[in-house]
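Peer 1: Please read through the structure below; I'll follow up with questions.
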């Protein structure tokens, strides 16, 4: 019997792509949207061609199914008939055919490992691969896992605990010096305690069933010079604990971040306010038993259940304002997360999000992304290219650079929109430019009214060559770009034509 997990998957417009592995979407035929696919999977139609049977598939059998009208793909040991899905795939048929008749796990992970193929392709499941018994990495003795990771990753972290009459302190020794409060994510519910620490490109997990009850609120302290994290839990009763508790799934494990699944917690909608005619600022509150700070330039996933199916979309948190608190407090309030979200009336996800009432809940994942603030260190010129809601990753990058980079000479934002009414936080951007002479903003409109006196058009060599002038000939430069896929891909191509190197460009996906 196959145990098929049922999880969530992003909407078709939510593919996140890193600069080195971008995947273009293709226009879909009418009637081939994500909602249409969901309807098809719930119609009762036989999408596997096996009339409900599940089979074991040999490598030889898998290889035989390698045509568009007969295409089987293996992902993590499960085989799916993806032929019915071909016309619904946002990346196009050719992208799926790259894995036809073979194991597509690595290809899938390169493009969008967070997409929940188990849920999306559940009705396409042919069966499980018939393979010889092997020991997977997760089943190796812990010492061998540690030895393997030691060769390619950070030194193995560890944890310990101690107590007083009123508190229990869990100490994580990361053995790294670049650890901050945003490196650790903590969730505890009932007796389950979970602390994930991001160490370079690895995830170290402490996952324990606590032996006694603790209060909801706790505190976290990071000793940066030695990479030590202290988590102080308040006991409900002043009794001596004989042990911390019992290990839960993957406790004391260190694995590559790319191999971990997304972890969600339910957050409460606190407020939503109009920013433009179609964009709103949403504020959600983390549970009192969660510590989570989204690092600058990274995103999270929001998850809602729509027509019985869990749908996920990525969003980059922003500050609540560009002007209110420019410098982060020493102990920042990490209980609130803000999102600037454009509402698409004919969309699937955003209307549902907009229909949430104050006090309703939405699931929020742990942070994802490959941007490191170390890219901003010693920077002299920072150029930001944004189109529409591609502005969102720029908000925290802009604030961070102007606040924490002492050698910064200039930050310039070129903000592309259709009309003046579409410009997010225009007045705040103009006030910031007036207040801080290091910052300049230029608005470019593609469909302006006749009385618009600013720049017009789309991203082009003429606009960029004039905009991307460094303050000095050999300034250290970084260019960040984000917007719809065609905008970003064209922008990167133009930047390369202007002789900017790969290291000087970082792209986000809106």
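Cβ atoms here come from the backbone N, Cα and C positions, even for glycine.
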Peer 1: Of 1-27, 28-54, which span is tagged region 'Disordered' by TrEMBL?
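Peer 2: Going through 1-27, 28-54 one by one, TrEMBL flags 1-27 as region 'Disordered'.
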Peer 1: Looking only at the domain 'Cytochrome b5 heme-binding' (54-130), what is the model's average confidence as pLDDT?
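Peer 2: Here the predicted model's pLDDT, averaged over the domain 'Cytochrome b5 heme-binding' (54-130), is 86.
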Peer 1: Can you count helix, strand and coil residues in the domain 'FAD-binding FR-type' (262-374) using DSSP?
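Peer 2: Grouping H, G, I as helix and E, B as strand yields 7 helix, 49 strand, 57 coil.
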Peer 1: Quick check on the domain 'Cytochrome b5 heme-binding' (54-130): DSSP residue counts for helix, strand, coil, in that order please.
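Peer 2: So the domain 'Cytochrome b5 heme-binding' (54-130) is made up of 32 helix, 22 strand, 23 coil.
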